[in-house]
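Student: Residues or ranges marked as transmembrane segment in TrEMBL: B:27-43, B:49-69, B:76-95, B:101-123, B:130-151, B:184-204, B:234-258, B:270-295, B:307-335.
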């Protein structure tokens with residue numbers, strides 16, 4: 001019985017040992033200083049529609065820094081993609097594969113992969129950058145010194161959406177008696193805002209209708225939209241990912257739901273709206289950074305990466321929402337490294353240095369201009385307590401070809417979101433008895 | 001050659017019916033256990049232990065559970081991941097209710113919860129067979145996953161909707177949580193898997209296993225010989241679910257560290273079914289071989305290309321893995337329907353009579 005199995009096991013493990021042998025700390029080929037940035041990406045599987053543009057954007061920005069400036073602060077960036085397929089077990093395998101090679105940080109790009117990494121980050125000394133996803137409570141830097149999720153959380157996003165609806169109606173008090181539908185991915189990500197949403201419904205007097213979509217049923221939402229047709233909500237709010245988004249937009253056009261009352265969190269891409277045809281015109285979503293290539297940073301990427309054939313991005317896809325989101329993510333990576341270099345005086349930095357570097361992120365308007373991101377995004381300042389920034393978001397509308405920004409930045413309702421976030425962080429600590437108190441020193445007072 | 005039984009005479013019925021009648025097999029098993037228990041933790045290293053060996057053992061245990069049901073009793077099940085989930089959530093609830101009890105007790109106890117759920121969903125197996133039973137177990141899969149998402153009590157009302165393994169210790173050393181060493185986690189998993197494999201071996205070689213196989217081969221004939229179908233089938237469901245449940249608890253507590261309901265999705269069930277099919281239906285070694293092949297192959301492929309000096313994109317490797325595994329499943333179904341285990345049996349037989357070809 002177990003006999004042969006184990007022969008094969010040991011053979012396989014012997015082979016793996018051989019393979020493991022060649023994994024050492026990363027250095028640039030010419031032996032100079034380098035910083036290793038592993039990118040957990042998913043170009044395969046049911047979520048690849050969202051994963052591919054993000055992967056391209058992240059990679060291309062870092063590659064652009066390598067090509068244009070020779071890396072960050074004179075140290076090349078060693079970029080390595082690891083395919084997760086949005087699958088937690090593959091993500092963990094990726095993490096185990098890179099963690100011994102002095103990565104400056106990890107970007108899991110999946111809430112399911114982020115959660116197991118949260119307790120490990122402090123032990124392995126590898127910061128986790130889960131940009132506007134993951135555990136919303138991890139915005140609290142005093143409790144989660146190693147986790148960063150700027151520039152805003154899903155709760156912030158929800159409060160911005162509610163504010164936007166109120167603005168359209170002419171004030172928060174006008175929400176009374178309205179009906180708002182919420183269609184969401186029935187997983188941690190989509191369910192997280194519900195308690196907050198219910199609180200808003202109670203405080204502001206609107207009725208909340210829930211339309212959960214199971215991950216296995218993302219492409220079959222007819223029953224949910226039948227419900228929408230019956231309930232006739234005044235507004236629809238969506239928290240979706242992967243195939244959920246295009247399907248929902250398509251179904252909304254099919255029942256002639258007024259698209260300018262259909263508002264999503266920041267994940268739908270151009271392709272998601274485009275596939276629904278002309279009827280999708282007017283569809284709205286949140287965003288916190290520019291779309292299109294009309295920014296110096298995007299021009300540089302085109303010049304140094306895309307035109308040289310170093311990118312995997314399809315022609316004309318650079319500048320799309322999720323591509324630019326990848327660029328934004330990588331800009332944070334590079335800023336974290338740069339700050340770490342400044343703080344330590346070293347060129348090749350470690351995860352511990354970059355954790356301090358991320359806490360020191362301060363994207364002033366001047367800094368954004370230097371980065372070629374003037375008008376691309378709002379200023380952002382992180383600190384030891386605030387790992388998020390709780391920045392403003394704006395609403396953009398699909399005009400049939402591209403997303404157009406409508407209206408100015410809307411600040412999250414800090415008074416409503418703050419207590420919920422604090423309670424969630426406290427709850428996490430309570431449930432994980434023995435959660436360590438922050439022992440990491442704080443650079444910025 | 002080395003592997004031959006010349007001169008090994010069986011003088012008792014017991015010796016003749018032993019699980020390992022040939023001395024070389026017993027020596028080999030001892031060497032392998034020694035390697036697994038001593039050499040591997042000493043020389044294995046973090047990546048090998050936590051990203052290869054622990055997952056492999058967990059999947060092997062789940063595959064073994066499914067094999068008892070599908071391979072030995074002939075009841076096709078697609079609910080494996082759901083039963084694993086029951087084990088994981090039961091263990092989570094138990095250890096958060098009673099944190100002072102050792103986690104290993106709860107891991108094993110959670111198997112009983114899974115077994116109970118398995119029996120309930122096994123009830124239709126008396127009336128329906130084959131594809132129809134597969135559909136009934138598919139219902140179990142969807143229903144259980146729905147529960148994991150929809151019943152907040154199961155995950156202690158966590159905002160994230162996921163279960164997180166709290167820190168638990170064994171002899172004062174942490175076995176879960178971030179401070180647990182890969183070596184210790186590996187040894188715990190290995191001990192549980194070895195123990196359960198030994199029990200499974202005794203089950204299938206005894207009266208219970210024979211009645212399972214009788215039901216598998218022809219249930220009417222089995223009934224005429226006095227095997228009561230319903231208890232036999234339900235026992236198979238219970239034992240199988242027990243194994244899957246323990247595998248699920250091991251998965252969340254000693255491997256993942258935390259899990260969303262999505263982990264226990266239908267694709268996981270299929271993955272384990274493929275392991276059983278490729279490894280060999282109705283074979284305990286097959287479960288290990290299948291898990292090693294299906295889980296290990298992508299990892300080997302991933303490191304193979306850089307070793308050969310080829311720069312292949314991470315996504316391309318993934319596509320290649322899909323194609324290779326898909327081709328292998330079809331290939332095995334055509335060429336060797338009894339899986340890797342059958343190939344191993346053939347090799348062994350050839351070695352025994354070597355150099356003669358009969």
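Cβ from N, Cα, C; glycine included.
Curation plays no part in TrEMBL annotations; they are all automatic predictions.
Describe the structural context of each listed feature in the structure shown, including burial, neighbouring residues and relevant distances.
Tutor: Residues 20, 49, 53, 183, 186-187, 190, 194 of the same chain lie 6+ residues outside the transmembrane segment (B:27-43) yet bring a C-beta within less than 8 angstroms of a C-beta in it.
Listed by sequence, the residues of this chain that lie at least six past the ends of the transmembrane segment (B:76-95) yet keep a Cβ under 8 A from its Cβ atoms are 62, 65-66, 69-70, 101, 103, 106-107, 109-111, 113-114, 117-118, 121, 130-131, 133-134, 137-138, 140-145, 148, 154-156, 163, 165-166, 168, 240-241, 244-249, 251-253, 259, 261, 263-270, 272-273.
Outside the transmembrane segment (B:130-151), and at least 6 residues removed from its termini, the chain residues within Cβ reach (under 8 Å) are 75-83, 85-86, 89, 117, 121, 124, 161, 261, 264-266, 269.
Long-range neighbours of the transmembrane segment (B:184-204) within the same chain, counting only residues 6 or more positions beyond its ends whose Cβ lies under 8 Å from a Cβ of the stretch, are 19, 33, 36-37, 40-41, 44, 49-50, 53-54, 57-58, 60-61, 64, 68, 72, 104, 107-108, 170, 173-176, 212-213, 239, 243, 246, 250, 254-255, 284.
Note on the transmembrane segment (B:234-258): residues 50, 54-55, 57-59, 61-62, 64-66, 68-69, 72-73, 75, 77, 80, 83-88, 90-92, 103, 106-108, 110-119, 121-123, 125, 162-165, 168, 175-178, 180, 185, 188-189, 192-193, 196, 200, 203, 208, 212, 215, 264 of its chain, located 6 or more positions outside it, place their CB under 8 angstroms from a CB of the stretch.
Long-range Cβ contacts of the transmembrane segment (B:307-335) within its own chain (Cβ-Cβ under 8 Å, at least 6 residues beyond either end) map to 274, 277-278, 293-294, 297-298, 301.
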Student: If we skip the immediate neighbours and take only residues 6+ beyond the ends of the transmembrane segment (B:49-69), which ones have a Cβ under 8 Å from one of its Cβ atoms?
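Tutor: Same-chain contacts beyond the flanks: 40-41, 75, 77, 80, 83-84, 182-183, 185-186, 189-190, 192-193, 196-197, 200, 203-204, 212, 236-237, 239-244, 246-248, 250-251, 254-255, 271-273, 275-276, 279, 281-284, 286-288, 290-292, 294-296, 299.
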Student: Where else in the chain does the transmembrane segment (B:101-123) make close Cβ contacts, counting only residues six or more beyond its ends and a cut-off under 8 Å?
Tutor: 75, 79, 83-84, 86-88, 90-91, 94-95, 136-137, 139-140, 144, 168, 170, 175-176, 188, 192, 233-234, 236-246, 248-250, 253
